[in-house]
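S.K.: Grabbed the feature section from Swiss-Prot, which reads as follows:
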- 1-136: domain 'Globin' (DOMAIN)
- Y29: site 'Involved in heme-bound ligand stabilization and O-O bond activation' (SITE)
- K84: site 'Influences the redox potential of the prosthetic heme and FAD groups' (SITE)
- H85: heme b binding site (BINDING)
- Y95: active site, charge relay system (ACT_SITE)
- E135: active site, charge relay system (ACT_SITE)
- 147-394: region 'Reductase' (REGION)
- 150-255: domain 'FAD-binding FR-type' (DOMAIN)
- G268, V269, G270, L271, T272, P273: NADP(+) binding site (BINDING)
- E386: site 'Influences the redox potential of the prosthetic heme and FAD groups' (SITE)
Amino acid sequence: MLSENTINIVKSTAPLLAETGPKLTAHFYQRMFEHNPELKDIFNMSNQRNGDQREALFNAICAYASNIDNLPALLGAVEKIAHKHSSFLITADQYQIVGSHLLATIDELFSPGQAVLDAWAEAYGVLANVFIQREEQIYQANQSQTGGWRGLREFELVEKQYESAHICSFVFKPVDGGSVVSFKPGQYLGIYINDEQFENQEIRQYSLSSSVRPDCYRISVKREEGGRVSNYLHDHLDVGSKVKLAAPAGDFFLDAAPTAPVVLISAGVGLTPTLSMLESLTEHQAPVTWIHATENGQQHAFKQHVKQLVETHPHFNSLVWYNQPNSDDKIGDDFQFSGWVNLHEIETVLKQADVQVYFCGPVGFMQFIAKQLLEMGVPEQQFHYECFGPHKVV
């Protein structure tokens, strides 16, 4: 429990932090990696270079400072971050390292005096304990389930298949021959890459792209321009290759009542978590609407698979948008609409009181979808989204 004095001091520093901007977290990361270079094996250095991680941490620090007297308002963010941390196998000792560099950063940038530093130390300690306890719960839950494990487990790539021009699926089975822990449709898998071509260990999270299977996991990865790990997986990971995986995690998952209509919306490789959901809804008691947007037929992943699912399950419906169809893309067969997704095409579904909407794709696409949902009166608590990479609010 934080003292009133600590709460007041931390809240009073919030405007100063906001004014400083991501310069605060840039200084923090530079300091931490200089003194603790081993942490480069944990953090995604690509997100450091493009500034996404600095921005995400800055937003989190400002949110904590502003809501320190209303911690329940942060529970959603805590859950999201705790799941991501569990995929990175974050430990309690690492929270101490981060805390020491955060306090040193505040001191070096602002020289606020010992009272402010003590207040931030107390506030950080409380927040760190919340994360440590929640992450321990996640670790124990994964370990205690059938097929579960804690830490890393070695898997072998047993199948590699291209789903479109840029998206490739990878199926992994455990080397020990055992079963694998179940997951909730929409969650992701942590993959650890150690290769001499990389200066540091590279860790990435990729959405599981199929329904639950007892002995394997499937991820489907888009080759990103300049993407170190995605290109490595496409070009160098072959059937028979071994990788180490962390157990499934993530707070974005299918959680709809059996009688609630479900709408799954995706763009590009954002279909990976929603495809896992679709495959898991074959026995659902209410209509399921699949909406997917992509550039054209060449980039349309899982086209035949989804078409077959829709044809064999009467409660499934599919609408596809191509942004720039090729000359051989057939409207009415390959896709139904061109241009940007217009949710008014399913307005009747979205007007149902208990509808649940799940969407994933580029941030701009998700902002566009969220805007339409709000304009159509869909309550915020009934739509759910996933950002690939550091979280952004849409």
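Here the Cβ of each residue, glycine as well, is placed from N, Cα and C on the backbone.
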S.K.: Among all chains shown, work out which of the binding-site residues G268, G270, P273 has the most CB atoms within 10 A of its CB.
M.R.: P273
S.K.: Cβ atoms within 10 Å, counted per site: which of V269, L271 has the most, among these binding-site residues?
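M.R.: Its Cβ has the most other Cβ atoms within 10 Å: L271.
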S.K.: Within 8 Å of the Cβ centroid of the NADP(+) site residues G268, V269, G270, L271, T272, P273, which other residues of the same chain have their Cβ?
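M.R.: Here the nearby residues are S207, S209, S220, K222, S266, A267, T274, L275, A301, C360, G361, F388.
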S.K.: Consider the binding-site residues G268, L271, T272 and say which one has the Cα lying nearest the Cα of K84 (site 'Influences the redox potential of the prosthetic heme and FAD groups').
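M.R.: Closest candidate to K84 (site 'Influences the redox potential of the prosthetic heme and FAD groups'), judged by Cα separation, is T272.
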S.K.: Which one is it: of the recorded positions Y29, H85, Y95, E135, whose Cα lies the shortest distance from the Cα of V269 (NADP(+) binding site)?
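M.R.: Among Y29, H85, Y95, E135, H85.
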S.K.: Rounded to a whole number, how many Å is the Cα of L271 (NADP(+) binding site) away from the Cα of E386 (site 'Influences the redox potential of the prosthetic heme and FAD groups')?
M.R.: 11
S.K.: G268 (NADP(+) binding site): which of the recorded positions Y29, H85, Y95, E135, E386 is the nearest Cα neighbour?
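M.R.: Looking at Cα distances from G268 (NADP(+) binding site), the smallest one goes to E386.
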S.K.: Quick one: mean pLDDT on the region 'Reductase' (147-394)?
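M.R.: Mean pLDDT, the region 'Reductase' (147-394): 97.
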S.K.: For E386 (site 'Influences the redox potential of the prosthetic heme and FAD groups') and G270 (NADP(+) binding site), determine the Cα separation and express it in whole Å.
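M.R.: About 9 Å separates the two Cα atoms.
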S.K.: For E135 (active site, charge relay system), which of the three DSSP-derived states applies: helix, strand, or coil?
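M.R.: The three-state answer is helix.
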S.K.: Spatial neighbours of E135 (active site, charge relay system) among the recorded positions H85, Y95, T272, defined as Cα within 10 A: which are they?
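M.R.: So far as Cα distances go, the recorded positions lying within 10 Å of E135 (active site, charge relay system) are H85.
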S.K.: Going by C-alpha distance, which of the recorded positions Y29, H85, Y95 is nearest to P273 (NADP(+) binding site)?
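M.R.: Going through Y29, H85, Y95 one by one, the closest to P273 (NADP(+) binding site) is H85.
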S.K.: If I restrict to non-local contacts, at least six residues apart, and a C-beta distance under 8 angstroms, what lies near T272 (NADP(+) binding site) in its own chain?
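M.R.: Listed in sequence order: Y206, S207, L208, S209, I219, S220, C360.
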S.K.: Please tell me which one of the recorded positions listed here (H85, Y95, G270) sits closest to Y29 (site 'Involved in heme-bound ligand stabilization and O-O bond activation'), measuring Cα to Cα?
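M.R.: That would be Y95, the closest of H85, Y95, G270 to Y29 (site 'Involved in heme-bound ligand stabilization and O-O bond activation').
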